[in-house]
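Q: Take this structure first; my questions come after.
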């Protein structure tokens, strides 16, 4: 009884193994699609980061807005020879209808009545006008220097009470690179890294979306229909009509529907055949094998019951006619079992051929493609890191004038793309590990005899390497090596740099808010100054045209003195706020420069290590496969013995 129970368990295990093999190869199909999508999305993320950097550089390199809240907009451009004459009296004509008095007359009245003069205020307005002119000239000079490749950009802010210490946005080093110019080169290498992933995307057929193929009733040398539709490569791509691909079970007779686009070649797939189609064919055959084994197991159970009945009839002495009928049924069931065995063996052999003749070369070709991709990415990231290491300065023509919304939007866009890059990287590593895990799990089932539910003994299992399929050894090494990849360092550095960029965005907001505060106070000072000068002018005009008592004159003087003191107080507060804005600009510059020098460099350093590790893994596995060559291995199987009814 113990032997019978053990035999039944083994037979049930065979059905379970076939069911598990079918499930695992289906899982591998789904995960192959996920890997293709994840690889494509990672390459797209690199391109998106490139575009975000380009936007960041463009916004921070562009000329300032044509209007400034602090100062009135500059007058239309005049010939250079008359630049000094542009600085005219900022006060408009307000005494229309009156006879104008000469400046000498007004000055005489001031001296006679003891009215305080506005020389200091006049100097302030003069300085404010100079700022506008200096900014105009600096903008033109910056544009000319940008065109000529010069990196020297220097801004000086003039405030009241003479010239204050200027704000140097960027020094002019003799050696070292400027940040914005360096980012332009870094952007180019992101595009190069993006281009390097196209071959693998083609191999993984990332432009195809797998649909339920509905493969039923596969027969040898039959033609099967695989339906697929073009995959929307991005949210901006136009919908594509469904494409159908007709391929026979023979690799040589595969016919691909042409799919033209700017990313892939004329057909998707590998030189060794379509990877997705090979997996589909394997799934179809595994499904057929499972059905055959399951049906054979059911036939075996009926056969065993009939054998038991025949023995009982023989013991109980049934008549020959009854026993002949039972014996005929047993022979028929036995013949059906033999047919099921032969069918299962044929299907199993077909699966092994697909595995070794199509899937194995495709996996090796994929490994070679990944090796080349990460080689280019390694070179790109090493160059990017070298470029960043040479950055010493940050020249932003817009800083020192106005940090507008376009700067913040560009910064926010960069931060969003960095987060997307991190998510896509994590997804790519996980998808690759999941795919190899599913494929490896399917291959491990080949170590167990595929069709042995009639054998009296189990053949000894073989370890990896000597008696296992070569592809199993490759996938095992690939899967175990994935644990050695330093992917955590990459995700951490990307997360850290994203926080740095987010901090820059917040700092730009604080600078912008402070600038608006300064502009508001300056506007209020201009308004009060204008009102004061109007009051002073009216008083002086009235002194020249009509007589006023000494008391009235004294009251007017006190009023003007009080207003002037108020103006002086506002002017001092404005100077304090301007100094705060000056500090905010310096902090923005520091955060920008340090963030890219340290944060972005850390990202590239971690990617360099990851690229090196990836290259080594893929290259070592390819080398191993070449050493293995066509070494024969023993497929776990056993000789089927015929069971004779007794």
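First residue shown is number 1, and so on along the chain.
Even glycines carry a Cβ here, placed using N, Cα and C.
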Q: Look up coiled coil in TrEMBL and report which of 493-536, 537-580 it refers to.
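A: When 493-536, 537-580 are checked in TrEMBL, coiled coil belongs to 537-580.
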Q: Averaged over the whole of the domain 'DUF632' (179-502), what is the pLDDT?
A: 76
Q: List the helix, strand and coil residue totals of the domain 'DUF630' (1-60) as derived from DSSP.
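A: Its residues divide into 59 helix, 0 strand, 1 coil.
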